[in-house]
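Below you'll find the structure, written out as structure tokens, and then a few comments.
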């Protein structure tokens with residue numbers, strides 16, 4: 001799982017709270033991480049693979065939001081691979097790991113492995129947090145008609161730039177002046193914890209606000225398109241709202257244990273002796289949430305694909321064919337012509353007798369179609385243009 005305690009453990013003079021959780025049943029904990037990450041990794045890949053029984057479609061250029069959804073899954077997959085690798089080495093080479101605790105050891109490889117694997121996990125999950133924030137921003141800007149394909153470059157710069165900068169800055173402050181002589185004290189470790197949890201807290205606080213504003217803007221667009229707000233428009237607005245809710249629900253489930261655990265460990269660090277009897281319940285709660293983190297953090301990848309696309313089925317089609325990108329429900333026009341993806345037959349599926357002819361109405365449908373990617377209604381009135389959406 002992803003926790004700043006992984007990097008803190010690499011210091012020979014690590015704090016007592018970090019030592020408490022990292023030394024608690026390490027074999028069991030690593031086994032839990034490997035199992036959870038492996039299951040999530042396999043199911044996530046299964047979700048993204050093309051399925052049999054779906055007609056091939058022409059490959060289109062992805063919209064920015066669709067690209068962001070894929071990048072979130074990629075970050076989760078790579079982060080899960082980092083967890084599997086780190087935990088496997090921890091289980092398979094206990095003597096190698098034991099050298100991490102040597103203050104003046106001559107073998108630098110155990111410490112290099114400890115720092116490198118921890119940074120890999122933190123960087124990938126931190127990038128996933130930033131991408132999720134970009135998804136909320138992009139959804140709102142698309143509805144406000146202020147975003148297009150060109151913005152994905154800015155999202156890349158912001159996401160990877162901030163993720164790398166915060167990760168390197170936090171590690172540099174934590175291991176100052178050197179890895180073998182890390183300074184003690186909370187004031188030395190706090191900057192590292194802040195850089196780790198800043199993007200997580202940003203998503204928890206800001207994304208619900210952006211999603212709520214996006215849903216309100218969608219309702220206004222649907223009302224303004226025909227001048228009326230029919231049952232189908234209301235249904236589509238509700239499905240978009242439910243989709244945003246699912247995304248935030250998965251995020252809260254997977255990462256709330258990290259916040260609780262870090263709060264408990266921070267409280268223990270402030271005590272003169274964490275082994276005192278009055279702190280027994282706090283220690284037990286910290287250890288329980290530590291194991292829960294090992295289960296839930298890696299499962300984010302698979303749970304997010306369920307929130308994005310629904311269950312896509314088991315029947316994988318490994319035969320290559322030129323097809324539409326999974327989760328992409330419409331083609332995109334070039335930036336020079338239009339900054340928004342081109343419309344699909346969503347409107348004709350709702351009102352077969354009416355066609356949108358004005359540019360303003362087309363842009364409205366494009367924005368709504370992109371936000372409703374992956375959604376299907378019970379009576380098949382909404383578009384099912386992407387094969388990965390059949391389980392939504």
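Placed from the backbone N, Cα and C atoms, the Cβ positions cover glycine too.
In TrEMBL, annotation is done automatically, which means it is predicted and not curated.
Between the stretches 28-46, 47-65, TrEMBL puts its transmembrane segment entry on 28-46. Listed ranges 67-85, 86-104; the one TrEMBL annotates as transmembrane segment is 67-85. With a cut-off of 8 Å on Cβ pairs spaced 6 or more residues apart, the transmembrane segment (28-46) and the transmembrane segment (287-311) reach 3 or more such pairs and are scored as touching.
With a cut-off of 8 Å between Cβ atoms, the residues of this chain six or more beyond the transmembrane segment (119-141) that come close are 2, 4, 6-7, 64-65, 68-69, 71-72, 75-76, 78-79, 82-83, 86, 147, 151, 155, 158-160, 162-164, 166-167, 171, 196, 199-200, 202-203, 206-207, 210-211, 213-214, 217, 244, 247, 251, 297, 300, 371.
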